[in-house]
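Down below is the structure, laid out as C-alpha cells.
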Amino acid sequence: MKMKEISGSKFLTAAPRQPSITSSIGDNEHSAAARSAKLTLLTGAMRSSSLREHTSHQYSSNLSSQPPRSSLRKRSSLRAALFGSMWMNMSALKWSVDARTRIRANPFCLKDYCFSAGTSRHTSILSFVPLLTSKPRSCKASGSECFPTLQSPMIRTRLLYTSNSALYSDRQGAIDENYQSINEHNWRTSSLTETISLSSISVPSHHVHKLLSDKDSPIKQYLATKMEVLEDVHPRIKVVIDSEPLDRKDQEEVPRKRILLMSSSTTNGEIIDGGHSGDNVTELCKLLPYLPRNNAQQLIFAYSALPAMPHTISIPYQKQSVSRILSKLLPESALPPPSSYEQIGHVAHLNLRDNHLPFGKLIGSVLLDRIDSIKTVVNKLGEVGGPYRTYKVDLLAGESNYNVHVVEHGTSLYFDLTKVYWCTRLEGERTYMIQHCFKPNQVIADAFCGVGALCTRAALAKGCTILANDLNPDAVTYCRDSAQRNGIDTSNPKVFNVQCGDAREFIMKIGTATSDLPNHLVLNFPLDSPSFLNALRWWPSGEKILDPPRVHVYTFARGDEDRTASEAAIDKVADGLLPEGGYTEPSKFRGDYLNSLGCNVEAREIRDAAPGKVVICVSFSVTRVLLRRMQGDYGLL
C-alpha cells in the first residue's frame, strides 16, 4: 500500500490497478440514475455542519501544513461518517432490472445493490466510485458499458478501496487480508504455479548448435532463459525442443527443431497461417518485436529460420527460487523478501529485518521446503556478545537440532552452533592463510582458535604443529574433537596442543615456556585484537631472532579524511605495540616507524563489516629491535 499526504493527514491509497465495473442497465436510464446517485452520495452526507466545515477546511487553498487538533478531530468524524457504515465486501456487482425504479425514487439505495453480496468481514470498503459518473464509456473486456471514476480530489487520491483490501490505522499499516490467511502450513496451496507462453522459431537441426554457441548469434541474447522469470528456475528449462508439423512452412523434409525465445505481446497464432504467403522477415519481426530487422534477415537467409507456434510452459513452485516464491506470498510491507542467509551444516541462519519478523515462520517454511540440505531454519536474536561471542536464535522451521557438521575443504568440523562463535564468510581467509602464509611443518599459534577450523586445516594440509587457545571451554572441546575425527593425534602436545584460557596469558607463555617461538601467531578477534599485542614484551629478546615470527592481527577499521582503512588499522596495531604516552592526539601513519624496526608491515582488507567499516588483517614480523623497544630499551638499533 502507498501512503499519500493530504492536508496534513495520512490516508491509505489503493494499488495502482483500478478494476472496471460493468452494468446491464440501459443507457439513458442508467446515466440518469448515476447522475442522481452522484449528487446524492456526494452531498447527502455533507448536510451536517461539522462535515461542511471539515470539507471547506480540507480543500481550502490557504490550508496550513499543521492543522489544529480540533481539525484533526473533525477529520476523524468525517472518516467515521463516510466509511463507518460501508465496511462490506463487494465480491460481485450485478444490477437487477427492478433497480431502475428504486434508483429513481431513492438514488442512495445504490448501496443495496452494490453490496448485496457482502459478508460480515471488515476487510473491504465502499467501491461505488465507478458509479459516480455522468458519461458511460465502452468496456473492451465485456463489450458492455462501464463508468470511469469521478475526477474529484477525493477520487483522484483514491481513498476508497476496491474489494479484497483492508483499512487499518496508521500504526498497524495496511495489509491485504489474503496475506493474513497464508501461513507456514498452507502456503503450498496458494496459486504459485506460473504459466508462460514463449515465442519460438523453427530452424534446421544442423543450425541449432551454431545458433546457441556462436558469440555473434542473432538470437543468443534473446533466448528464453534470459528472461528474469526463468533465470532462477531449477532445473533450467530446455530452449531446444522438437518441432511440430505445423511449424514446417517449407515443403522440404529437413529435420527441424524449435528454439524458445523471450515472450512478446504478439501471439504466434496471429502470424502463422501454415502457408508461404507474406514476407517471412516481416512476420518474424512482428512475432519478435524486440529482434532487430537485421537479425531477422540473418535468421531467415543464413539459418533458414521460420516463425513457429508458441510454446507454453508451467513452472511449479518446486522449480522457482525462494526469493520468487516469497515475493508472491509476502505482503507489500514485507517486500523485498530476505535476500541472503548463511548455511552452517544443516542449519540456515537468517538475520531478519523488522518488517520480516511477523512472517518469519512462513519464510523459514519456504526455505526448508525448497532446499533439501537444510533441516533447520533459525533467526538470530540480538547481536554477538558475551565473553564467548555467542548469540541466541529463534527456531523458525524444522527440527531443533543445532549440532552441525561442516565440511571445509575436506576437513570435518563438529560443533553446537548456539555454544560457539562461527563465521562461514571467513572460509576464504582461512584458505588464503594456509596457501600463502603457512609453510609445511611450521609452528602455528592461534590465540582465538574457536572450534579449530584454521588449526585443523593447517595440520592436515601442511603438517603444521598447532598451539591453540580459546576462552570458551565448549569451543576447545569441539576443536579437540574435530581434530581427532580428522585423524590428528591430539594426545601428543608437540603435534596438536589446545588449551582453554585467556589469550594474553597464552601469548606470554609462548615466550616464557620455550625458547622456540612459533612461526606464526594469529589474533583473529577484530573487536579488540590490538590490545593483546602488549603481551609480546614477554618474548625473549636477548639474542638475534633468525626467523622472526609473523603476527597476523585482525581488527575493525574505518578510513578518515587523512587515512585509508588499512592505514588506520596499522596505526591501531602500532599503538598496541608501542603506545605513545602523554600525547594529546594520536599519531598517524606509524607504519613507516614499524618498518624502520624491521617489521615489514602488510595490510589486507578481508571483508565489509558495516557501511564504511571493514575488517583488516595487519601482518608484521616480531624482530629483536621491536621487542627491545617494547621492553623499554631504546639503545639497540
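Backbone N, Cα and C define each Cβ position, glycine as well.
Per TrEMBL, the listed range annotated as region 'Disordered' is 1-29 (candidates: 1-29, 175-203, 262-290). The average pLDDT computed for the domain 'SAM-dependent methyltransferase TRM5/TYW2-type' (341-624) is 94. For ASN524 (S-adenosyl-L-methionine binding site), other Cβ atoms within 10 Å of its Cβ number 23. Within its own chain, LEU471 (S-adenosyl-L-methionine binding site) has PRO387, TYR388, CYS500, GLY501, ASP502, ALA503 as residues 6 or more apart in sequence whose C-beta sits under 8 angstroms from its own.
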